[in-house]
Amino acid sequence: MSLTFSFRMHCFQSNEDIGRERLVLKKTAALVKMYPCCWLILVALIPVTLGTNPGVNVKLTRKGLEYGRQLGLASIQQELKSIKIPDISGTERVFPIGKVQYSLSNLQIVNVGFPQSAVDLVPGTGVRLSISNAFFSLHGDWRVKYLVIIKDSGSFDLNVNGLTITTSIAIRSDETGRPAVSSVGCAASVGSVSIKFHGGASWLYNLFTSFIDKALRDEVAKKLCPLVNNAVSNLNPHLKTLNVLAQVDKYAEIEYSMVSSPTVSSSSIDLNLKGEFYNIGKHQEPPVSPTLFSLPSQNNNMLYMGLSAFTANSAAFVYDKAEVFNLYITDDIIPQSSPIRLNTKSFGIFIPQIAKLYPGLMIKLLVKTVKTPIISFQPNNITIQATGTVTAYAIQPTAILSPLFVLNLGTSVSTQMFVTEMRLAGAVSLNKMDLTLGTSYVGAFQVKSLDKVLRTVLELVVIPKVNAQLAKGYPLPAFGKMKLVNTQLQVLKDYMLIGTDVQFMA
């Protein structure tokens, strides 16, 4: 069910229109007073966020949910082992002895088993966990007093069988943009309790085990749902480890807060994350906005992450603002094996007037972007289009830079992405380069003659520096000590898809 609320603002209204709207408002206010519960329901149905598309989608499949079931059961078993059952005491009349006072103390659980359990997705709500035919064993001490003066004591073993627990777990977004869970319904029952007494007058206890059986069954049943609720609540500290704001390097950080509450369907749980890069300490929105995209219905892996072109372009915006793509190049950083040298003699071969005007000088190049690079995703292909300039200077003996020319530079590079540990990294290679003359300070010359020189500079200096940055990678969304295994990466239209299994390290 969906509700649509429409709000209209009129700059010019007739008296009749105003009268009608006032009447509607009065009726609405009256309804709210009469039926406040209905108003609360309507408020609850309004989405958490309106009109915000995610940059990153994360999908937990049934396979991932099954892994979570195993981890969750281990947590519940630990909780059950630590359950504190209070001492039990009472008075019963036992034929033919009469009134008997008894007590059971030091009750400790020694064994727990969950032979049957299942986890199911509840669309629109969360998860339902069912445990059946569970059992546990307990050891304790008994004391008895009868016929006024006779006292005795010993030990006993208790077996609880046929435990059934069903709980519904709601999933939402908390105030920090992280997922949070809570138990919204729990039912528990105990099938049977059997007791065996040892030592002393054990024969006497065995005469009224039915009384003890009921007392213990009731006590255990009362403890089960609080125990399960506590185990569910204990998941939240782990969920709070989601890296909602992860530092990438000294320039950038990426935000992974949830832009809406999780979406639960019959096949998966989907988290919609912001997935946006920012300059550290300065959250400026890029000129592009995220567009809605959906992950394919794959379920071979536990987890799927869809990283949109918006996320990549927000990174380009951040690094462009930080001027990371602006680079001064001098001859000392050109490999010695290169036949191209950054001096007026080498450049004089292509532009003779440079050698005549500035003989025997070294040259410095400034490569910089003039607008934010554009990153596009197509099936099996990531392309980056960058537009910039190359300015050449002659370095005077006094260190003054004399401008020689400015070239307009357009480049297209292909990108290969890969996952390394919990980071997404990449490498680029030059596809195409276009040069046109912007300004010449040394007279006319053929720009095409510099194609080989500039391509060499890009391939030997600029591309390796870009790749060194990309090789560091940026952090993927993760919880705690999460490890990705069996990871595969696909590039699709407008986003890349990472399919992976996960392991949580102790």
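Note: Cβ is positioned from N, Cα and C throughout, glycine not excepted.
Record features (TrEMBL):
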type     : residues      : note
DISULFID : CYS186-CYS225 : disulfide bond
DOMAIN   : 59-282        : domain 'Lipid-binding serum glycoprotein N-terminal'
DOMAIN   : 297-500       : domain 'Lipid-binding serum glycoprotein C-terminal'
CYS225 (disulfide bond), number of other Cβ atoms within 10 Å: 17
PLDDT averaged over the residues of the domain 'Lipid-binding serum glycoprotein N-terminal' (59-282): 87
Spatial neighbours of CYS186 (disulfide bond) that are distant in sequence (at least 6 apart) but have CB under 8 A: ILE165, THR166, THR167, SER168, LEU224, CYS225, VAL228, ASN229
